[in-house]
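Annotated features, as they stand in Swiss-Prot:
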type: BINDING; residues: Cys147, Cys150, Cys204, Cys207; note: Zn(2+) 1 binding site
type: BINDING; residues: Cys164, Cys167, Cys190, Cys193; note: Zn(2+) 2 binding site
type: DOMAIN; residues: 5-69; note: domain 'J'
type: REPEAT; residues: 147-154; note: repeat 'CXXCXGXG motif'
type: REPEAT; residues: 164-171; note: repeat 'CXXCXGXG motif'
type: REPEAT; residues: 190-197; note: repeat 'CXXCXGXG motif'
type: REPEAT; residues: 204-211; note: repeat 'CXXCXGXG motif'
type: ZN_FING; residues: 134-216; note: zinc finger
Amino acid sequence: MNNTEYYDRLGVSKDASQDDIKKAYRKMSKKYHPDINKEAGAEQKYKDVQEAYETLSDSQKRAAYDQYGAAGAQGGFGGGAGGFGGFDGGGFGGFEDIFSSFFGGGGSRNPNAPRQGDDLQYRVNLSFEEAVFGVEKEVSYNREATCGTCLGSGAKPGTAPVTCRKCHGSGVMTIDTQTPLGMMRRQVTCDICHGSGKEIKEPCQTCHGTGHEKQAHKVSVKIPAGVETGQQIRLQGQGEAGFNGGPYGDLFVILNVLPSKQFERNGSTIYYSLDISFTQAALGDTVEIPTVHGDVELAIPAGTQTGKTFRLKGKGAPKLRGGGQGDQHVTVNIVTPTKLNDAQREALQAFAEASGEKMLHPKKKGFFDKVKDALEDI
């Protein structure tokens, strides 16, 4: 069968759209339906139309048919019943992967070549100040290390691995498989040496032939000033042991900066919220402001409003890129008193009158109000 017969059955061209194919199918299906068409051969043509539409209406099967004909579409390259399942989780997995598997495209890698070990991750908590100024920390963790008994060979001391008797050191085996396209050859990992190309007759008693053993490991980490949560530091060669004499993997230290009770931070800028009284805001004052670099004095000008922000230059965190120091932003929050004594209330009333404010004078406190205030102060 040529690669256009299915299209011919539906009466469409090879570049027909899915809508065109669907319309043609409905037309041809109705034309040859056994309940409508009683001519000899109509039933077979109806089945042929169904077969063609089943393939061409599926984009994956259609692609297989266009390239390989009916054998490709019906043979199950898409992982269907009776086909080669598992190439791409059930879908039409791509011919590059399929032919790589059959013709040994992935088997050219030398199984005995040195291979780097796996990378590891380690999370480190930093205080707010440690993140600002930098710190050196020692981290401890377990990792797969080269076996100290066999030095990574996997063989008992005094012995050595030998060439695999099945794959003869290649680490792979060649298998012929019958497919709808004919006989195909593929390479698979050797089931004796598991790809290493070597057999261990007498395994090491410490690592049981793996060449690796779990070991406790410590390493010092220099954390630069100005780091933030989520940033990573890579320590080369501090991961897990390699294979066939390959290098160790790397350790990635992931940083987590703990919150501060006083400050907030975004990049090199530190934020601080300053509570002041309304008299300080109205009359002005000089107050001490905490910073990560020590306390500094800040002049609050008379008439300062809530939300006013002052900048303390150079009192922030270091800039990781470009150098220099960030600033600290101080935002004012004017605190309104919730309780007033008689003298304070009278003073405020006098202030309101002097300001020309029209307001209802609050009712003077009675005996029970004074008792309630006294109990709250206890």
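For all residues, glycine too, the Cβ spot is worked out from N, Cα and C.
Where Swiss-Prot records a feature, it is marked here on the structure.
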residue	record	Cβ contacts under 8 Å, 6 or more apart
Cys147	Zn(2+) 1 binding site	Gly154, Cys204, Thr206, Cys207, Thr210, Gly211, His212, Glu213
Cys150	Zn(2+) 1 binding site	Lys156, Pro157, Cys204, Thr206, Cys207, Gly211
Cys164	Zn(2+) 2 binding site	Gly171, Cys190, Ile192, Cys193, Ser196, Gly197, Lys198, Glu199
Cys167	Zn(2+) 2 binding site	Met173, Cys190, Ile192, Cys193, Gly197
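Summary of the Zn(2+) 1 site environment: with the site residues Cys147, Cys150, Cys204, Cys207 set aside, the chain residues having Cβ atoms within 8 Å of the Cβ mean position are Gly148, Thr149, Leu151, Gly152, Ser153, Gly154, Ala155, Pro203, Gln205, Thr206, His208, Gly209, Thr210, Gly211, His212, Glu213.
The average pLDDT computed over the repeat 'CXXCXGXG motif' (204-211) stands at 90. Surrounding the centroid of the Cβ atoms of Cys164, Cys167, Cys190, Cys193, where the record places Zn(2+) 2, the chain contributes additional residues within 8 Å, namely Arg165, Lys166, His168, Gly169, Ser170, Gly171, Val172, Met173, Asp191, Ile192, His194, Gly195, Ser196, Gly197, Lys198, Glu199. Beyond the ends of the repeat 'CXXCXGXG motif' (147-154), by six or more residues, the same chain brings 160-161, 200, 203-207, 209-213, 241, 245 to within a C-beta distance below 8 angstroms of the stretch. Across the domain 'J' (5-69), the DSSP tally of helix, strand and coil residues reads 46 helix, 0 strand, 19 coil. Per-class residue totals from DSSP over the repeat 'CXXCXGXG motif' (190-197), listed helix then strand then coil: 0 helix, 0 strand, 8 coil. Taking all protein chains in view, 22 other C-beta atoms sit within 10 angstroms of the C-beta of Cys207 (Zn(2+) 1 binding site).
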